[in-house]
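Q: There's a structure below that I have some questions on.
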Amino acid sequence: MPAFEYAPAPESRELANLKPSYRPFIDGEFTDGGGEPLKTVNPATEEVLAEVGTASEADVDTAVKAARNAFEKTWGPMPGSERAKYLFRIARLVQERSRELAVLETLDNGKPIRESRDSDLPLVAAHFFYHAGWADKLDYAGFGPDPKPLGVAGQIIPWNFPLLMLAWKIAPALATGNTVVLKPAETTPLTALVFGEICQQAGLPPGVVNILPGAGDVGARLVGHPGVDKIAFTGSTEVGKLIQRQVAGTPKRLTLELGGKAANVVFDDAPLDQAVEGIVNGIFFNQGHVCCAGSRLLAQESVVDELLDKLRYRISTLRLGDPLDKNTDIGAINSAEQLTKIRELADSGEAEGAQRWTSPCPVPDRGFFFAPTVFSGVHQSMRIAREEIFGPVLSVLTFRTPDEAVAKANNTPYGLSAGIWSEKGSRILWTANRLRAGVVWANTFNRFDPAAPFGGYQESGFGREGGRTGLEGYLDV
Amino acid sequence: MSAPTLPSALVDATRDDASLRRFLHGLPGVDQVGVEARATALATRSIKKSSKLWAIDTAISMVDLTTLEGADTHGKVRALTAKARRPDPDRPDTPQVAAVCVYPDLVATAVEGLKGTGIGIASVATAFPSGRSSRQVKLADVALAVESGATEVDMVIDRGAFLEGRYGEVFEEIQAIREASGRAHLKVILETGELVTYDNVRRASWLALLAGGDFIKTSTGKVSPAATLPVTHVMLQAVRDWFTATGELRGVKPAGGIRTTKDAIKYLVAVHEVAGEQWLTPELFRFGASSLLNDLLLQRRTQHDGHYSGPDYVAVD
């Protein structure tokens, strides 16, 4: 009998309407940036997708000025109910163009189409819809009557969820009456620039949203710009610290959403099969390029062997390969640089004595891929238990008692998210109360909703995005 | 029988009523949201062209072609057996179905109709579908089926006893029917629609496996909901876990409500990814269905001919 081979079901890349070049979006127009153009690469094939113009120092000035102008003349004075209309319009346009955006995101980022189509894009639209609803109700958000926007928001987003992070940043900023200058990540600028087109389609007044592709230098100029009232950054802890130093002593507001090393705690009474699903979703979703990924599995010693057997079997069924194929579960690592980093950290795990297991799945010859990997026998003192790997690598630790689970889970400089698996409600609540993490999921992992605030503790940053709490970061309260 | 090969922990589990209860309630719980989400996600796998054709042929070979009506007649059963022998007369390369499933009093007719084919003869016995009768009546029902030539017995468990927590009684009854079935394959119908919770489905699955059932089957087809994807996921996990614990392969049969090729393929994907590739055989996976076969035949023709031919091109039996 032949094996059950799924036929390739690739989504057409024509849907992405890929253009040979993309340009910065400033003051409502696409303009040639003064910076050195960069090439963006499809990480699944290593081919160049497009040339992207970047912003020079003068472009940052122009964009900030345009944002200031829009804030003072059009967007700031506009009644909330009018701003809401624009946001609703953007949300609907995102839905209408969601297939195009999903394919483009997958081409540029390497994430499976299943995720960009079923997870990223619906959430992007949901964030605009949700915040559109807030735009005319800010008086009732609990911050007193008539809370004021801050002004011009400088926003810097990472490459793991290019369009979703854009939505998390832009939607609340616009809903609260701020204007925006956003810098997408160097390796994934395309969907953000198409979002510029959507702003035009929506008839958004010029200058309300500006998008400046570029590398870290553009981000640094934006952060240091005196015309910016607020900085919102999602990315690495290292860069977050630099930004915090740069902003210190200025009147700028700052929110940081940084790295993580989340614990996924599995008690012995957990629904094991679903815990396995949650672990897989926690660490292999988006190739593990998730700041809140459940990269440390803390399993109770009495079930760890059974759990690992189930987990390895489940992981070996994951399909790795062409991200545009609808049957693909795990796509490409976003860049060669990131792949090197993952390899280096995984090797350190082996060198420090942890047992490495790698899924036997076939790996394509071309492109940046890393097969799902599980380290067992990991201890708190090892690098793979402490440092964020940002790839499909799971470290498995064990514990004996609930107290030990909490102590180990909290023994990290990070604190973005955590997971608890147990059939016992009281144990879930007891544990959740003690875990120092911005989000604690129970019997699930990596669930997002625009109404649920998201953010970190300690080196995972401060400030919240989403929900009523998320509005606070863009209001003078 | 499987009992002697069982690991001691599993043998101990069935020592008495109390150990059985402890064992079944000690099985990991099933999280409803999680299992339903997984079933939904797996159902989006895309199967096309050659893999679709392979899936259709595999599904046809797994069908237990079934008629279980009060109005069943010898004529109806003869028609069904003819269809089982040659599902698509225009296309002799079409695989035969796995078995024909009828009530015990019609087994003899089915035997005659299937002579020399190797197609299984399944019979629902044990006061099907409710199972509400005395042990003697159930055993007599099984005896009738087996003596008439049934090669497979589909029994129903006593859902009342299960829901009352009298697991020992359910266990014993399955064992007794197992014994009475002789060499016939035993499929244990859990009637998951009446067990309601996934935790119950998992416990009933283990109970049936411990008592020696060769197959665990979702439903009689007389209760709604019948087979569902998440329930089948839980049962596939049970046979996989059973295999891990004992090295024995047992089967799963969803029955009732699976009518389209699209649905059948979703089940095959679940078999492939939840239990494993080795379960993709009629020895270990069956569809209890009557109208599914025609849709499979039509889709098979569509794949071969490149166009859809319409319901008048396949037999209505």
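Residue numbering: from 1, along the chain as shown.
Backbone N, Cα and C atoms are what each Cβ position is placed from, and that goes for glycine too.
Copied straight from TrEMBL:
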ACT_SITE  A:Glu257  active site
DOMAIN    A:32-476  domain 'Aldehyde dehydrogenase'
Q: Taking the Cβ of A:Glu257 (active site) as the centre, how many other Cβ atoms fall within a 10 Å radius?
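A: Other Cβ atoms found within 10 Å: 28.
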Q: Helix, strand or coil by DSSP: which one applies to the residue listed as 'active site'?
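A: In three-state terms, the residue listed as 'active site' counts as strand.
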Q: Can you check how the pLDDT averages out over the domain 'Aldehyde dehydrogenase' (A:32-476)?
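A: Mean model confidence (pLDDT) across the domain 'Aldehyde dehydrogenase' (A:32-476) is 97.
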